[in-house]
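For 25-50, 62-80, 100-123, 144-162, 182-203, 244-270, 276-298, the entry in TrEMBL reads transmembrane segment. Marked as domain 'G-protein coupled receptors family 1 profile' by TrEMBL: 41-296.
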Amino acid sequence: MPNASSWSASSPLLLLWEDSSGTRIFVSLLYAVLAISGTLSNVMVIYLVFSFKKLQTTSNAFIVNGCAADLSVCALWMPQEAVLGLLPPNSSSLRSAEYRLLRGGLLGLGLTVSLASHLLVAFNRYVLITKLPSVYQALYQRRHTGCMIGLSWALALLPVPLLPGLWTLGSAQSDGSSRYTALLLALAVLGQTALLLHCYLGIVRRVRGSAKRVSVLNFHLLHQLPFPAAPPPPRRAQRRLSSVSVLLLCCVFLLGTQPLVWVSLLGFFLRPAPPALQAASWLLLCSLSALNPLLYTWRSEEFRRAARSVLPRGEGPAAA
């Protein structure tokens, strides 16, 4: 097996150091499946929100923002990885510094905005459930919402000079500055995860303690929360199902983000993890770009009704 430096010179994610062509073909097929499914699901969510007035809520604005970011990963970056995985490891395309920078830019921009959108959605729901309606209305005016979305993209563009070291795994094994950028990445994701869990666990505590307060809020955003659709079950079952839905969303998010965090911390404080483990942690993080639309819409009756109206053999189109 080649050493780490030869592995890092090829591709940030694909296991091109493997001698077996079957491994490269398998990873390429996996990227192709994620690219197709992620592109279709993200485009569908964006289309539904822009086509149906009932779906045009503040929470869905943040979800659409995340879907747009995920498209840069699923529609632009993943297909390239799927193709590059079928090329020989010594291909000139893999060694082009400019091309690697472009791929790293697409990946870094998409994942950064996507993670920021997760936090914006969680905070939006937290304010809605735990604060007074007047506080929510004052905070989430149209202008403020647009500023939050614009800020997520502006923050994603700030680390552009660090992209080669920030989004390339192998360089963290040999370059000191890249080790520190990998550490900053791990700490940023860890802090974002802590804030997200605080918001959702706060929602769970409030829902379990006062289901009546949630039921009387007259906001369209309630349809976007992971609550069962009408007719509602008994209050105790409703609280249990709501808590399970929120915890399931948190578990999927943790499964996608935390392996990369701890692999990066392990590489900084102890010794670099095996390349296969590093690649697997990045693959889990990138797979979130394909799963995000389902995470935020699978419990929404409004989304299901809108999807049925545009799919073949569905209902008549709802009023836009």
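From the backbone N, Cα and C atoms, a Cβ is placed for every residue, glycine too.
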Considering the transmembrane segment (276-298), which listed stretch of 25-50, 62-80, 100-123, 244-270 counts the most C-beta pairs under 8 Å: 244-270
Non-local residues, at least 6 beyond the ends, that sit with Cβ under 8 Å of the transmembrane segment (25-50): 14-15, 56, 60-61, 63-64, 67-68, 70-71, 73-75, 78-79, 81-83, 85-86, 283, 286-287, 289-294, 296-297, 303, 306-307, 310
Per-region confidence, the domain 'G-protein coupled receptors family 1 profile' (41-296) (mean pLDDT, whole number): 77
